[in-house]
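Feature annotations, courtesy of Swiss-Prot:
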- 7-48: repeat 'WD 1' (REPEAT)
- 49-88: repeat 'WD 2' (REPEAT)
- 91-132: repeat 'WD 3' (REPEAT)
- 133-172: repeat 'WD 4' (REPEAT)
- 202-241: repeat 'WD 5' (REPEAT)
- 246-285: repeat 'WD 6' (REPEAT)
- 288-326: repeat 'WD 7' (REPEAT)
- 363-404: repeat 'WD 8' (REPEAT)
Amino acid sequence: MLTKFETKSNRVKGLSFHPKRPWILASLHSGVIQLWDYRMGTLIDRFDEHEGPVRGVHFHNSQPLFVSGGDDYKIKVWNYKNHRCLFTLLGHLDYIRTVQFHHEYPWIVSASDDQTIRIWNWQSRTCVSVLTGHNHYVMCASFHPKEDLVVSASLDQTVRVWDIGALRKKTVSPADDIMRLTQMNSDLFGGVDAIVKYVLEGHDRGVNWAAFHPTLPLIVSGADDRQVKLWRMNETKAWEVDTLRGHMNNVSSVMFHAKQDIIVSNSEDKSIRVWDATKRTGLQTFRREHDRFWILAVHPEMNLLAAGHDSGMIVFKLERERPAFALSGDSLFYAKDRFLRYYEYSTQRDSQVIPIRRPGTPSLNQSPRTLSYSPTENAVLICSDLDGGSYELYIIPKDSVGRSDVVQDAKRGTGGSAVFIARNRFAVLEKSTSQVLVKNLKNEVVKKSPLPIPTDAIFYAGTGNLLCRSEDKVVIFDLQQRLVLGELQTPFVRYVVWSSDMESVALLSKHTIIIASKKLVLQCTLHETIRVKSGAWDDNGVFIYTTLNHIKYCLPNGDSGIIRTLDVPIYITKVSGNTIFCLDRDGKNKAITINATEYIFKLSLLRKRYDHVMSMIKNSQLCGQAMIAYLQQKGFPEVALHFVEDERIRFNLALESGNISVAVASATQINEKDHWYRLGVEALRQGNSGIVEFAYQQTKNFERLSFLYLITGNLDKLSKLMKIAEVKNNVMGQFHNALYLGDVKERVKILENAGHLPLAYITASVHGLNDIAERLATELGDNVPSLPEGKTPSLLMPPTPIMCGGDWPLLRVMKGIFEGGLESADRGGTVDEEDVEGDWGEELDINVDGMENRDIEDILAAAEAGEEENDEEGGWGLEDLVLPPELDTPKASANARSSVFVTPPQGMPVSQSWSQKSSLAAEQAAAGSFDTAMRLLHRQLGIKNFTPLKSMFLDLFNGSHSYLRAFSSCPVVPLAIERGWSESSSPNVRSPPALVYDFSQLDEKLKSGYKATTTGKFTEALRLFLSILHTIPLVVVETRREVDEVKELIVIVKEYVLGLQMELKRREMKDDPVRQQELAAYFTHCNLQTPHLRLALLSAMGVCYKAKNLATASNFARRLLETSPVDSQAKMARQVVQAAERNMTDETKLNYDFRNPFVVCGSTYVPIYRGQKDVSCPYCTARFVPNQEGNICTVCDLAVIGADASGLLCSPSQVR
């Protein structure tokens, strides 16, 4: 059994597959109907209008409807698109067992405990026929898939087949009056719309289920006598064919498989049994430990079954549908049915080669799993799971292609896997001894070789090499030298796909794709939410793969995207250009044409083939917000500008790429204050004073404008601004501008007009304006302020700018490949100076006669004018020199030695050497490459919030450098401090940088944290544990054992941080006793040291006991007693248990179930029970509810929840 989907719920009593979509309906004993997407594993909807258990449910074949019947005697018809019940059919007088739509007519058949079967017309919403005859509960009833028959099973120990041909004729409009009269009579006097055709007797006890065969005249039934019976019928009679025995309890449901000649039954003996319908023998049995099975459903089109049991349901397949295939150049060998087939890609010719299995061999779950081909010897190895793993070796005759009558005896053997490793050698895995047998084509053992790891499968990895798979890693093993060539930690690998040049390999797990080099050096990891099915490399080195419902691509750097969606899963065999060749589940070859433009464009960007990028921009229809976001994310905003029409997005991209001209054009179109402000900030950063001035004018930001005029020495406009402030009656602005201008008289005048006569007098006196000072003194009279004597006053004048006007000089760089396209696409980016002046003057009542440096039009035109100088020397600014003719230039002799001193070239700084050689974040930070360190931590651990690490980065950098002071006129000499330095060290070999953090420090902090926890200093303990979590990414250890210890420390500290956060939260919530109890309860489920767990249990027991939740307190008390507490604690716990046994109740209901295993969400502090979806922090592994995905982890305060990360890298031994 291959379980595809499983749910946990109340007992499932009814199941129905949707005929087209990957949906299944499950009706529960609790009265809820669940609609699941079994492919994605998600609950789509739930319907809960029934009162009591719902035992029957069924999808309509073509309409968006389903029907349900329950113990409330009601049949409800639902529209799942509108999420509501359309109507209810009433008529049954007891529990309804099953309901089913007719495949063609608007009928529903229902079986009930009122001993009747009813047929309803769901369009007219009436009962059209009542089938009576059973004298006990009718357990099931169903329509025949093609004929006018109904089969029913009852506890009266019979199976009945009913003929409803008359009902069909009655439903079809009568052709003449005689027929109409007959129908009227039957309506008046009780007609015979349905008659019993056969009564099948043979079961000794009540029959629970009966079902028709989809195509043959067969019926299968299951009963409380633990037997499954097979019946055959013809036009006149029906008889028992055989009885299938094996179930140990009541058979609850039995079905024919839709595609295979088998019968599937389930029973209250907790088993599902699979029977051969032809031989009537048991093939397989699947058991559950605690759950009885109640219902089966078979998908009408696909190889899927579903079974409902006491605690949920499972969707499963009986055998794999992936065809075994092997690629060889332009051809494909694959196994289908009983033949090995050959497919040629160039001609798309498909032919049979040889039979590979004798007819009549049981084929269930024994189809070929893998296929390996040797082109030189024309030999094929086919592996299957038969007998615990076996292989068959066939030598294909050269003239057998196209013929299928060449029968040969295959050479067989047992082994977990078998693959060709050389021209005439193949390797077979012996799982029991974990060794490989190398055999020749005569199936003789040539060599035995033990494997370096416990291996459960082997794959081809080049001539003489094997890729060995264990549960958590893969290794490449050289059989000749018996050496491990590469090793990589991976999830459980299912398939291995090598590129055509054998330089790259894709390792496919259930939900992960790992791209690595031929030596298993990790290149990128990709995670998928739904199952990965297959993959192949295209000609450009892009990995194309399929999931259950998509064809996707993966670039060499790990970027991925969707190429197209799929209706059914496919298995890619080859990618050639824009064509994907694949096999479907029926073993048919298909060629699918795809649009590869998107990933080729991204690949060209990645490989910096900008000529291709430019060509694709001009010729392709690349568009969409996703492409713009990708280009922006990858640092190509200037490319993204080509795809954007929206002015706001263009403005943002232009600012990001520093393209001021496009930004001005977009800001003019948008004309909003915020955009002008941001434009001013960017223009100021670039030193473009003209644009800065223009932006400040548009936002009427006079303070910034006056300061700009001050620092650029534009005193004329500064004086105009002062007049504007005077007109606007802005005293402070007027005074500021006067101060900037150094205009003392104006300042005295402003102070006098503002009524500050003492200040005006002091200003005039200090600056030597005696006439004005005397006049003001007269006005002040006796209130003249006294000035200090003996001080020599100096005039406060603003400094004169050294460089007045002009933009900052910018380095001239080569014109970017993408700039030409932008300039040619003129978007009206120039701003008319007359318009600017008009707005400026109208608003400020003053005429500004142009900008000093250059107007906007000149600015935008200058760049184009400068770039049009395309003569060879124009860009260099070289001039022709007129030299006097009498000065001959002397020629230097060949052996003349120059007396000019040549400075030796500067060597590489040590920090740069460290940065280039290391891939550890701590060493990058010590070298001063903070940006690289942050990128590494983001890629390895998903860290995004680097604020807690800032001080540590600086400590690492300072700790690895020392500075020697020389003469006062000389700069200090920096010295690099290396790790493990000694006097015998070679001066030319650089060791890694010395690090201020090591693992022993963390051990000391951990002990301090334990001590603080024990003494109840939770805030201090939390600080210490968080400090450990923040330090671990920047610690370097030497051995693999120490790496494991570091990873173990992360888990330990994470548990304490989460627990302490909950405890501190609990202490804050004094007004919410229920939440206090919940948080105390969750704290006890953190993985703590025994003394701390004991204290947490004691605390939770006390809180719950005080709240009179005695049952919950009793649970904590029992757990406390299991930890061997001290006498006083044990005595208290026993007293709580005794008190609870007298009254085992809880006064308040808590969101806490100690019987159901759970983890606690690190953000919301609610339990996530086993089976519920969650997301985790890639660094500290704390678990969260799904809606927290994308937020910063609240436990470690570093990583992004749910982010993809390759894992902690803290040792050079992990890199080797």
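Including glycine, each Cβ sits where the backbone N, Cα and C put it.
Panel annotation: around the repeat 'WD 1' (7-48), residues 54-59, 61-62, 66, 68, 70, 78, 80, 83, 85, 98, 294-301, 304, 306-315, 529-530, 548-549, 1170-1171 of the same chain, lying at least six beyond its termini, place a Cβ under 8 Å from a Cβ of the stretch. Proximity of distant same-chain residues to the repeat 'WD 4' (133-172), defined by a Cβ-Cβ separation under 8 Å and at least 6 residues beyond the stretch ends, is recorded for 94-95, 97-98, 100, 102-103, 105, 107, 109-113, 115-117, 119, 121, 183, 186, 191-201, 203-212, 214-215, 219, 221, 223-224, 231, 233, 238. Residue counts for the repeat 'WD 4' (133-172) under DSSP, split into helix (H, G, I), strand (E, B) and coil, are 7 helix, 18 strand, 15 coil. Across all of the repeat 'WD 1' (7-48), the predicted model scores a mean pLDDT of 92. In the repeat 'WD 7' (288-326), helix, strand and coil residues by DSSP number 0 helix, 19 strand, 20 coil.
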